[in-house]
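First comes the structure, then the notes that go with it.
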Amino acid sequence: MAAGPERPVAEAQRQDREQPPPENGFMPLEQTQAPRLLPHVDVSVLPSLGGFGKHQKQLVVLTWIPALFIGFSQFSDYFLLAQPKGTCVQPLVNGSNWTVGSLKLPVTATNGDIGKPVPYSGGMECECKEWKLELQTGLSQNVVTKWNLVCDSAWKVHIAKFSFLVGSIFGYLVMGVVADWFGRQPVLIVSVLFMLVFGLSVAFSFNVTMFSTLRFFEGFCLAGLTLSLYVLRIELCLPGWRFSMTMVASFLMVGGQLVMPGVAALCRDWPVQDDWQVLQIMIICPFILMLPYIWIFPESLRWLLATQHYRCSKAMMLRLTVCCVSPPELENELHKKPKRTCIIKMTSTRNFWKNIVVLCVNSLTGYGIHHCFARSMMDPEAPVSAMFNADYYTMAGIAVATCLALCPAVAFMGRRGGLLTFMIITALASLLQLGLLNLIGKYSLRHDTVLRDTLNRKFSVAFSIIGMFSSHAVSTLSIFFCAEITPTVIRGGGLGLVLASAGFGMLTAPIMELHNQKGYFLHHMIFAACTLLCIICLLLLPEPRNQPLPESLVDGESYTRQPLLTHRPGEQHLLLTKPGDRDLYSRVHDTCCHGVGSVSNG
């Protein structure tokens with residue numbers, strides 16, 4: 001009688017040994033990872049430590065403080081590389097004195113042919129020995145005016161912008177993997193230290209090549225700092241607090257954007273000639289306040305448990321509370337060595353990698369089309385100062401409005417519903433701007449050109465503001481969505497992929513400027529088509545609201561799409577809704593039908 005219960009076990013073990021390799025190339029995650037004996041952090045560990053208590057709140061506040069400084073650095077290009085208003089004081093041709101309102105705008109002769117516009121082509125208006133360049137953005141001198149980056153040297157300005165964004169992209173990719181391998185706290189500390197080194201070195205650049213190179217490394221370090229703080233903040237919070245704590249940091253970053261013009265104005269009153277150097281130093285020096293984080297900011301407890309750093313986890317839990325008793329599972333696992341996971345392991349999953357790809361495309365589309373809307377809103381005939389003020393302050397105001405709108409929208413519709421709604425608004429604004437304005441010009445008001453142009457302009461500005469608002473919401477929510485559905489063991493790498501995709505979207509702006517806005521309409525059309533694709537793909541994403549963060553790849557794979565509409569009583573439910581059913585389906589090759597098929601093929 002005793003052999004009865006053992007026979008099914010032995011039979012199951014024999015079937016597992018004889019199980020053929022998977023036909024689709026995917027290895028079941030249960031075979032590649034050891035079973036997790038410890039409970040979920042959100043369900044048992046954090047509540048046993050007091051939940052989202054005083055200690056966790058203090059650490060979250062410490063992640064908010066650098067957000068203001070990060071806002072300074074991210075928008076410093078608007079001041080360091082702003083285009084000046086230029087006047088040629090010593091032309092190469094006698095009797096010709098040219099005034100340049102913008103490097104991309106038509107040039108008007110002040111001597112000779114008065115009022116005759118000359119298109120910018122690097123020709124006659126650049127035949128100048130000495131320029132008088134005047135900034136309209138708060139500083140008396142910046143990188144462009146210091147090294148006369150105008151006319152034939154104007155492309156170096158775009159390369160400087162390009163280098164900062166490329167450095168950020170590499171930083172997100174590299175530092176995300178490092179954060180998963182060595183921990184979040186080492187990435188945070190290393191990023192702060194090198195941010196101070198490279199950031200201060202930028203202020204003492206002696207040519208534009210050195211400036212662009214150092215800006216690359218500054219962007220790299222800023223990316224590591226941003227990513228590590230984002231991940232630490234998410235992993236400190238319980239499900240009900242994650243979104244609100246993240247939005248507070250977003251508000252502070254926008255606050256840095258709003259305060260930046262005032263900081264630039266203060267630097268102009270500084271008794272030095274190169275006030276852009278003072279601005280760069282003032283942007284970087286606040287990061288000195290983060291040096292004490294080396295001692296006061298601990299490693300993420302969630303990451304320590306997920307990567308089997310059980311001894312460090314036990315020490316941290318005992319340090320947080322005196323009456324804490326470590327779980328029996330933790331005591332039994334202290335002998336195990338740490339186990340790290342790389343983001344490449346994502347390719348062995350069936351569902352999770354698709355979610356990451358969808359969010360990467362969403363982030364890329366959101367930031368890419370945001371520049372299209374911003375470009376459509378600008379008046380090409382406006383002076384430099386007006387363009388700067390409209391561009392900068394409008395973007396800051398839209399960012400504030402987006403953060404304010406995201407809070408109630410996500411609370412009401414959830415993560416997936418909110419992301420889908422804002423993506424639909426973005427697609428409608430883009431398609432209406434591209435199609436409706438052409439229809440107005442082609443089929444109506446053909447004789448009244450003044451009224452037609454005025455109407456087109458008003459519609460373009462309206463759709464641009466709506467599109468900038470919704471695309472900014474899409475980008476912000478895509479990044480947060482990724483942080484919630486990515487397992488702890490590869491959260492840094494997954495978030496780095498989505499943030500790097502956002503960087504690629506931002507990179508389209510200097511690329512278009514480098515080509516003097518050639519191909520702008522095609523650029524907008526491509527991103528408009530991407531919004532339609534994203535709307536379809538968003539339906540595949542799960543809803544992580546009020547759900548515990550996944551810890552292992554197995555947990556992340558279990559995050560599957562739920563129906564948009566709830567089931568009614570008596571309605572047939574979807575097939576394979578239980579985890580056990582999925583296991584049975586994955587073992588379909590063990591059935592008799594599979595055997596018959598194998599015999600017939602033989």
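Yeah, the Cβs are placed from backbone N, Cα and C, and that goes for glycine too.
As recorded in TrEMBL, the features of this protein are as follows:
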- 63-546: domain 'Major facilitator superfamily (MFS) profile' (DOMAIN)
- 1-29: region 'Disordered' (REGION)
- 162-182: transmembrane segment (TRANSMEM)
- 188-208: transmembrane segment (TRANSMEM)
- 220-241: transmembrane segment (TRANSMEM)
- 247-266: transmembrane segment (TRANSMEM)
- 278-296: transmembrane segment (TRANSMEM)
- 392-412: transmembrane segment (TRANSMEM)
- 419-441: transmembrane segment (TRANSMEM)
- 461-483: transmembrane segment (TRANSMEM)
- 495-514: transmembrane segment (TRANSMEM)
- 520-541: transmembrane segment (TRANSMEM)
Answer with yes or no whether the transmembrane segment (520-541) touches the transmembrane segment (278-296) by the criterion of at least three Cβ pairs under 8 A, sequence separation 6 or more.
no
Intrachain neighbours beyond the transmembrane segment (220-241), with Cβ under 8 angstroms and 6 or more residues off its ends:
42, 46, 51-52, 56, 59-60, 63, 66-67, 70, 73-74, 167-172, 174-176, 178-179, 184-185, 187-188, 190-192, 194-195, 198-199, 249, 297, 300-303, 479, 483-484, 488, 491-492, 495-496, 499, 503, 545-549
Annotated stretches the transmembrane segment (162-182) and the transmembrane segment (495-514) touching (3 or more Cβ pairs under 8 Å):
yes
Just to confirm my parser: what is the rounded mean pLDDT across the domain 'Major facilitator superfamily (MFS) profile' (63-546)?
82
